[in-house]
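Participant: Below you will find the structure I want to go over with you.
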Amino acid sequence: MGKIIGIDLGTTNSCVAIMDGTTPRVLENAEGDRTTPSIIAYTQDGETLVGQPAKRQAVTNPQNTLFAIKRLIGRRFQDEEVQRDVSIMPFKIIAADNGDAWVEVKGQKMAPPQISAEVLKKMKKTAEDYLGEPVTEAVITVPAYFNDAQRQATKDAGRIAGLEVKRIINEPTAAALAYGLDKGTGNRTIAVYDLGGGTFDISIIEIDEVDGEKTFEVLATNGDTHLGGEDFDSRLINYLVEEFKKDQGIDLRNDPLAMQRLKEAAEKAKIELSSAQQTDVNLPYITADATGPKHMNIKVTRAKLESLVEDLVNRSIEPLKVALQDAGLSVSDIDDVILVGGQTRMPMVQKKVAEFFGKEPRKDVNPDEAVAIGAAVQGGVLTGDVKDVLLLDVTPLSLGIETMGGVMTTLIAKNTTIPTKHSQVFSTAEDNQSAVTIHVLQGERKRAADNKSLGQFNLDGINPAPRGMPQIEVTFDIDADGILHVSAKDKNSGKEQKITIKASSGLNEDEIQKMVRDAEANAEADRKFEELVQTRNQGDHLLHSTRKQVEEAGDKLPADDKTAIESALTALETALKGEDKASIEAKMQELAQVSQKLMEIAQQQHAQQQTAGADASANNAKDDDVVDAEFEEVKDKK
């Protein structure tokens, strides 16, 4: 069995890890970094850049550089959170035909799973380069508070990237695995506070050890899938824009290039303010008007940043209370607090969390790498490389169906351990009703319309009977990935209807297959491009070395040969400017054929140089027989 890699597919950064024996190892990417920016860029010449190369060119290509795509995955265009992003993102967010939030790049509509697949492909390639073998299986993490549609979309992204997603696990649970694996014995209850680039989760997890086997049981989870570092950046960007407008009278929001520069500067300033009390946002030539170029130079103190984002930090505290309440615990029952996600490096966040739990969070967990390490550990559990570890996760939101009067009837309550299965018998609302519609919902509200619709299906062929008589058994089955399968059965006729919830939104099978084929075609195009570049380099080298040999041969090269070589050199030079690998190879072959005489002359010259070198060495050897005498200076006595 091959390796199952662990991938933390983050909003801002992603990370990949593997099990090296029984030890998890975070892998460095091609740029030598342990984390990769979750940024994808589509350049003017049709190239797709991922990670640091994409980030570097963002300033000059803001409309075609996509970031924070995880905030759109599995979401509807009309969602309030998506509408907030539409107004602030430099790229174009659009409504797909099915109402999902998609992105338009260079006139082409793209689904978030398709874009996220580019990041996953880079993670896959990083692992393959390290292992020296193909990788086809992965454990991918998602925020604990992701709903069914978002989990399904993440699995789709894995498939498009050429990965079989063996398990979807929750980020805080993965972090707990990374933390708890090498810690001492005994039972502990931990709180994992995960504030990443775009999402926030809190999970209360109990780690029990019985006879050497560790059980990681999630007691409760809560969160906000639209709260993270990107929101903190936005607050600082808005402040800088307003300050500049006050000072210069120019609104930078109308200038995408300036906004992209400002985004980078704001992120940098936010990071600096975690260790410094103040920083300068200094952006020369940020824009220009009729009077000339304008420069931005604004001082930002840590206190100012904290005042801008205080409500965001406070927003993360309410879910902590709910999670503890759901787990039936109080603050004093928590043994350790673990911080995950880059935004937890902010001192204010650490202070608020410490105040809430009444204890300092642990500092021995790397907030950027813990989730990927935990995913790799789960991969090791699935392959059998990691033994004596049992993971019991929960479903984050209640699941149920719409019943008479537009009410949501819950079948599986939130924080139920998964996998799980639950059945309930319902009946008809009208006399002689021959069909029922099962409308599947996810959420905590009583009114069906206020919850997330996961999809609906019909059960036909019910035998005519008075209302309330037919018995329709509805079964909800949640697998270990947290993905829901629903069936409805008429107990009288035995008729049954089943669906795996693929949200009324989401990608259908044909779309996924098309994207998989596109990704494979792109991989083939990438391979051909790589081969073309290698051939070009060989051609360049041959061009340079042949010209040098012609120069060195001088008059020894017959005029006819020289003319033929010059002609072949020109032909190769022209071919190198094109995109045809076969043409370059043919011109290289022609040059090699007409350069026979030149090669002979070069070999003769080389042989002569070697002979001359040997003679010089022999003379030096003779000189070696001379004994050096030591002289002492004797001064005449005056």
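Backbone N, Cα and C atoms are what each Cβ position is placed from, and that goes for glycine too.
What Swiss-Prot records for Lys109, Lys245, Lys304, Lys421, Lys556 is N6-acetyllysine, and it gives sequence analysis as the kind of evidence. What Swiss-Prot records for Thr199 is phosphothreonine, and it gives sequence analysis as the kind of evidence. For 602-638, the entry in Swiss-Prot reads region 'Disordered'. Residues annotated as compositional bias 'Low complexity' in Swiss-Prot: 602-620.
For each feature listed, report its degree of burial, its nearest neighbours and the pertinent distances within the displayed model.
Facilitator: Counting only residues at least six positions away in the same chain, the Cβ atoms of Ile94, Ala96, Trp102, Val103 sit under 8 Å from the Cβ of Lys109 (N6-acetyllysine).
A simple way to gauge crowding: the CB of Thr199 (phosphothreonine) has 27 other CB atoms within 10 angstroms, across all the protein chains here.
Around Lys245 (N6-acetyllysine), the same-chain residues six or more apart in sequence whose CB sits under 8 Å from its CB are Asp251, Leu252, listed in sequence order.
If you take the C-beta of Lys304 (N6-acetyllysine) and look for same-chain residues 6 or more apart in sequence within under 8 angstroms, you find Tyr239.
Note on Lys421 (N6-acetyllysine): other Cβ atoms within 10 Å of its Cβ, all shown chains, come to 13.
Counting every protein chain shown, 13 other Cβ atoms lie within 10 Å of the Cβ of Lys556 (N6-acetyllysine).
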Participant: Report, in whole Å, the straight Cα-to-Cα distance of Lys556 (N6-acetyllysine) from Thr199 (phosphothreonine).
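Facilitator: Distance between the two Cα atoms comes out at 73 Å.
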Participant: Whole-number Å distance between the CA of Lys556 (N6-acetyllysine) and the CA of Lys421 (N6-acetyllysine)?
Facilitator: 88
Participant: So, three-state DSSP: helix, strand or coil for Lys421 (N6-acetyllysine)?
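Facilitator: For Lys421 (N6-acetyllysine) - judged by DSSP and reduced to three states - the answer is strand.
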